[in-house]
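For 18-165, the entry in TrEMBL reads domain 'Aspartate/ornithine carbamoyltransferase carbamoyl-P binding'. Sequence annotations record features per position, and here TrEMBL assigns domain 'Aspartate/ornithine carbamoyltransferase Asp/Orn-binding' to 172-354.
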Amino acid sequence: MPENGFPVEPFNGNFHLKDVVSVEQFTDPREIELLFQKADEMRRSVEMREVRRDLYGYSVAELFYQPSTRTYTSFLAAAQRLGVSYITPIHGMTAYSSAAKGESLSDTVRTIEATTAADVIVLRHPGDDSSQEAAYYAQVPVINAGSGRKEHPTQGILDLYTIREELGRVDNLVVTMTGDLRNGRTIKSLAKLLVLGGNNIKFNFVSPEVLKMPKEVTNYLQSCGAEVYISDNGALEDVLPRTDVLYVTRIQSEWFTTQALEDLRERLGARVEGIDESTLKILANQLGENEYRKAVHGYEVNSELMKSAKSEMIVMHPLPRVGEIAYDVDNDPRAAYFRQMRYGLYTRMALLSLVIGPAVNGEFKNDN
């Protein structure tokens, strides 16, 4: 590992052969617009059932160390619709690959690159800096499909595109985010893109106190000129009437179990060595489940709550949901979360095309 961490290269107006590991690589709103213009093109192609061969002869490798339905299939479909000739889909890396034997991420990335001759690697991994690490060792571009609790740049991109398509703007917005703001990676990526791509953005962060948005994120947003209101253990009813975008995230029970296990180890100290690992995990599961139930209480979005919302607003969710949005909201025209998934196909097609397609497609003149 480099002494000062893994470097992240800004796009500087050009996506060609660049890694896509963080939304902070975007430094100019025109980069977002370039990507969205390409997504518009891809949308027209899909709707017209055009057969594209942008990436004919290219190879894509998907490495997923964590479960995924939407991101995994979205990238798979995006590659197929662009005519990619070879796709290496590897799901369940921790169970069915040498990672289960303790192989390092860097070795796995270099192995996949060598054995598949991939032109790009799409990676999902539980480590916060996993994509930066993979990009450091890989000789081909790496696209972050979700890294730990920190980043999910392609979800942030599709979320911003969703807002643009649904509301017709990314400026002058009141955005309310609720759920697991501490561990949720999607909301962090979207929030950072919003302050770059839009003007006059106001955020309401509504969550249990233990799951509030990290201070470093709120400080970053405020430094970019956004207004931030934090409601620990507050009610959605207080902010919903003024909300243009309600972004709901799943309160993830697995993080509570992980945190409970860490807390147990810390409290027990040296005594932990005398306790069987399976016993520790059972205790952690019980403690985590109790904390999870406390946290989710009172954060459900349902049709009754939606009565107080604007007629011109949208409800978003990266999915999967586990009760935080009631099914009676699904038929509300303001419920955008299923349309949101389709926008992901267009933006990921655009991203693949700009990153490994012809260089001329991914450039604009940067005044800097």
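Any Cβ shown, glycine's included, is placed from N, Cα and C.
No curator has checked TrEMBL annotations; they are predicted automatically.
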Segment confidence, the domain 'Aspartate/ornithine carbamoyltransferase Asp/Orn-binding' (172-354), expressed as mean pLDDT: 87
The domain 'Aspartate/ornithine carbamoyltransferase carbamoyl-P binding' (18-165), counted residue by residue under DSSP: helix, strand, coil: 75 helix, 28 strand, 45 coil
